[in-house]
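Asks: First the structure, which I've put down as structure tokens, then a few questions once you've had a look.
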Amino acid sequence: MLEICLKLVGCKSKKGLSSSSSCYLEEALQRPVASDFEPQGLSEAARWNSKENLLAGPSENDPNLFVALYDFVASGDNTLSITKGEKLRVLGYNHNGEWCEAQTKNGQGWVPSNYITPVNSLEKHSWYHGPVSRNAAEYLLSSGINGSFLVRESESSPGQRSISLRYEGRVYHYRINTASDGKLYVSSESRFNTLAELVHHHSTVADGLITTLHYPAPKRNKPTIYGVSPNYDKWEMERTDITMKHKLGGGQYGEVYEGVWKKYSLTVAVKTLKEDTMEVEEFLKEAAVMKEIKHPNLVQLLGVCTREPPFYIITEFMTYGNLLDYLRECNRQEVSAVVLLYMATQISSAMEYLEKKNFIHRDLAARNCLVGENHLVKVADFGLSRLMTGDTYTAHAGAKFPIKWTAPESLAYNKFSIKSDVWAFGVLLWEIATYGMSPYPGIDLSQVYELLEKDYRMERPEGCPEKVYELMRACWQWNPSDRPSFAEIHQAFETMFQESSISDEVEKELGKRGTRGGAGSMLQAPELPTKTRTCRRAAEQKDAPDTPELLHTKGLGESDALDSEPAVSPLLPRKERGPPDGSLNEDERLLPRDRKTNLFSALIKKKKKMAPTPPKRSSSFREMDGQPDRRGASEDDSRELCNGPPALTSDAAEPTKSPKASNGAGVPNGAFREPGNSGFRSPHMWKKSSTLTGSRLAAAEEESGMSSSKRFLRSCSASCMPHGARDTEWRSVTLPRDLPSAGKQFDSSTFGGHKSEKPALPRKRTSESRSEQVAKSTAMPPPRLVKKNEEAAEEGFKDTESSPGSSPPSLTPKLLRRQVTASPSSGLSHKEEATKGSASGMGTPATAEPAPPSNKVGLSKASSEEMRVRRHKHSSESPGRDKGRLAKLKPAPPPPPACTGKAGKPAQSPSQEAGEAGGPTKTKCTSLAMDAVNTDPTKAGPPGEGLRKPVPPSVPKPQSTAKPPGTPTSPVSTPSTAPAPSPLAGDQQPSSAAFIPLISTRVSLRKTRQPPERIASGTITKGVVLDSTEALCLAISRNSEQMASHSAVLEAGKNLYTFCVSYVDSIQQMRNKFAFREAINKLESNLRELQICPATASSGPAATQDFSKLLSSVKEISDIVRR
């Protein structure tokens, strides 16, 4: 019996038994060898002998002698069956080296080259796995026991080998070093000539390792066979060779079926082309792409049937289907963080290969990755893939792409590159980390671009390690050149957890969350959606873990990938979620979605400063440079704030005022954390996330103001904003349901209309362009253009400037009147006063602030008196219409007139109210708005700021938080009131004075532009826009470079701008709409520069240069319209 056991373990005599071999001997005596009920790994380990092949026989030096690594069954075409461990002699290779002709004792034939290895190579050892990533090694050992190990070569550093050893639930990695004399060692005291000797030594004694090497990890996955035949380029197959079985799903051009290749008894996937489709060329291009790519993590093409329709593409069959469904339905105990990271690593490896081959995928998403045995993942669906001949590929007009996975530059310009695939990989990584959640939950497809434009990014998923989230954020850099390459991403996965394991990191993250849960704020702040109802749903998905049907908001009911994804995603109960917020009872958590109007408000109050920054729904830059707390900010600071960095307030910038700014109270892009905890991302990532606002950091000062805002009014279109104007970015979270009607509803410079008409920006704008957008008006371009002039010289006083150009005439008085209730910047006492006023429903008039005296900044007393005359005259004309609202609204300072909308319509759009006001009233309100710009900033700062923020979404939010349902919301949330503007007054005096001439110009311009203000989007046709472009080109050609040329060109440009803004909603295709918005934005920028030109440039060449830019933008508009 002893002799049998000695033979079993490969020892010649008892003396040859090592301590390790003794262990195997005892196991062999107690159990049968390779019994059927034992796991494969243990049965192999029981037979494994560390001294195997330590001494090479004389025949093993033959270079043509190979050994089989896997079993292979012959299936025609002169192939040869081989069994694992069998020796064979190689006679030659086919044209591409993927098949070799071999001879064994059983005969001669073709075998796959990657199924055999030279008899004297390392691959013959069961413990040597070749090039394997660190993450893959941890995955391969995840089901092992103490002493399970493997030896691998680094994927990123060829030639560098390591030992990966599992012990007590963790995998340890030891680098194998090479001494100067060529010997190998892990511990410098023990050096060896060969790797096999080193492994044998450490199988007997630990000698620096955590434990001895006992059980080699099995090689689970056979390599992919590239092509089922050694014959040259044999892709065309006989249709009769395929037996079609059941349908697996639908693809872009047809359907996918499971089939059997009868010739080889091989299960395959068959993609068919719909007979009535005209996409034959695209379908065949997909097959051509697949012929060129061969990688273990890319789905392999087996053949095509293209002689006659229906056309087939036959690929290898992946057992577990697409990754998206697999993640949603898997056992999360089995598919742990280690497995998820392993999957992500495989995908990055495949994309690195495509990157090197100059291919782009263009549709990278979880739904287009397939899962096989042992969590093998392969990238599939190359229907949109292209071989890159240049740096970018421009898709044809009308091409469809999955918006939520598509990079911004691709949405705006139809241009794709490998960097746009990197963006999609970041979204795919988010899908993996959330077990298949739909990206941007609760956010409409039409809103995604605008959110991204404002640097909004998805929050970090629960339990996601910081390093993984940093990688996601790196993939989501706005500028494509700032994104990493797939080679860098793959390398990052390789080195991401050198000092720890992902399991430890995930447990640490979940532990942090659990600690927060004990403190009552364990909930991760929900994604900020863009609509009132979806905002409430987003809150529910955090508050109701026991109601998975509430998890996905709008994202579940929409087709996120256009035609590529089913319209309805499966419900996803989330795995790791803290208990519901203790402040909400069970009934509240289970309320129907439409009833839960104020849930998010309670969440914000509960978490105070930890609520995530919502995506602003106004113009990308409209409110950014108007942060209320940046009253002392310099012009450079304002520019930095406009260009993407966090919108930190002056308080946040000073640790003494807001220590939380540095210890973790800030919230980057929707992810929330507790004060005192380390941030989710490293400091360098903070610069990339501009959705961290001062309103979050300064929320403590406003707690008293929030005390009366337990619930939001459902009538308010922006129900996600906490009380107080300091929450500037909360104001524009929501959009109207009906996007086409949004433009009509909020037609004049209001958030809704302007947002739907706002040009998309594929690139981040400069600070000036953001400043320009602050008060942009869709219906009154001329005033907005002048507004730019004003802002150019008043950068230092942005917080208190008004924006008549962007304020609807009938909205202007409301802005002035509301200034008292929403000027948190003016001090805590002022905020408390405002809070009391709004909490009481504004039933009684509050003490109005003294009327601002004559303008110290540059207006004469006469002009100031004229202001008052116009105001009183205007208020005398409109009291009858606004009588109902005046009874409820908190009175404004004396100067503001009573030009407001009807009472009881809190969500009414400003443009609608403007329509009710009538022509004369509008003109007077406009005049008032212009005059208000020039009031003394030190004394009329609040009124000025009331004009400064005309964006309606922001408008109703603050006030509605504390008002009873019947109280109308006044669209003024003067967020940027300058309570202490005295330091800036000196700087502003000359700048405002310099713009006195432009004020009068603005008045006349506004009067002339009154009709366009009421233009409905449906009345502007394609022909009107084209005629307007021709008129502008004609004006440019007829005019010389003299000063007089500007007025004519400017007028034609403003007409074109007005028509374009009204026409944008008529464009049905999303891609063209994005491009058209960008073109409108360029046009406006050029017009603004042109208007400034007479005052700032006297040289002809400057004007010529402006004209050339203007012509370029006009041509772009014309091209898009003709498209």
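Even glycines carry a Cβ here, placed using N, Cα and C.
Swiss-Prot feature annotations, pasted as is:
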type	residues	note
REGION	1-60	region 'CAP'
MOD_RES	Tyr128	phosphotyrosine
MOD_RES	Tyr139	phosphotyrosine
MOD_RES	Tyr257	phosphotyrosine
MOTIF	381-405	motif 'Kinase activation loop'
MOD_RES	Ser446	phosphoserine
MOD_RES	Ser559	phosphoserine
MOD_RES	Ser569	phosphoserine
MOD_RES	Ser619	phosphoserine
MOD_RES	Ser620	phosphoserine
MOD_RES	Ser658	phosphoserine
MOD_RES	Lys710	N6-acetyllysine
MOD_RES	Thr750	phosphothreonine
MOTIF	761-768	motif 'Nuclear localization signal 3'
MOD_RES	Thr821	phosphothreonine
REGION	945-1123	region 'F-actin-binding'
MOTIF	1083-1093	motif 'Nuclear export signal'
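Show me how these features fit into the structure around them.
Replies: In this structure, Tyr128 (phosphotyrosine) is part of a beta strand by DSSP.
In the structure as shown, the Cβ atom of Tyr139 (phosphotyrosine) sits within 10 Å of 25 other Cβ atoms.
For the recorded site, Tyr257 (phosphotyrosine), the DSSP three-state label reads strand.
Cβ neighbour count for Ser446 (phosphoserine): 16 (other Cβ atoms within 10 Å of its Cβ, all protein chains included).
In this model, the region 'F-actin-binding' (945-1123) carries an average pLDDT of 62.
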Asks: Given the modified residues Tyr128, Tyr257, which one has the fewest other C-beta atoms within 10 angstroms of its C-beta?
Replies: Tyr257
Asks: Do me a favour and check the Cα-Cα span between Tyr139 (phosphotyrosine) and Tyr257 (phosphotyrosine); whole Å is fine.
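Replies: Here the two Cα atoms are 31 Å apart.
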Asks: Give the helix, strand or coil assignment DSSP yields for Ser446 (phosphoserine).
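Replies: SS state of Ser446 (phosphoserine) = helix.
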Asks: Can you tell me how far the Cα of Tyr128 (phosphotyrosine) sits from the Cα of Ser446 (phosphoserine), in Å?
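Replies: Per the Cα atoms, Tyr128 (phosphotyrosine) and Ser446 (phosphoserine) stand 51 Å apart.
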Asks: Distance check, please: Cα of Ser446 (phosphoserine) against Cα of Tyr257 (phosphotyrosine), rounded to an integer number of angstrom.
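Replies: Ser446 (phosphoserine) to Tyr257 (phosphotyrosine), Cα-Cα distance: 33 Å.
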Asks: By DSSP assignment, list the helix, strand and coil residue numbers for the motif 'Nuclear export signal' (1083-1093), in that order.
Replies: 11 helix, 0 strand, 0 coil
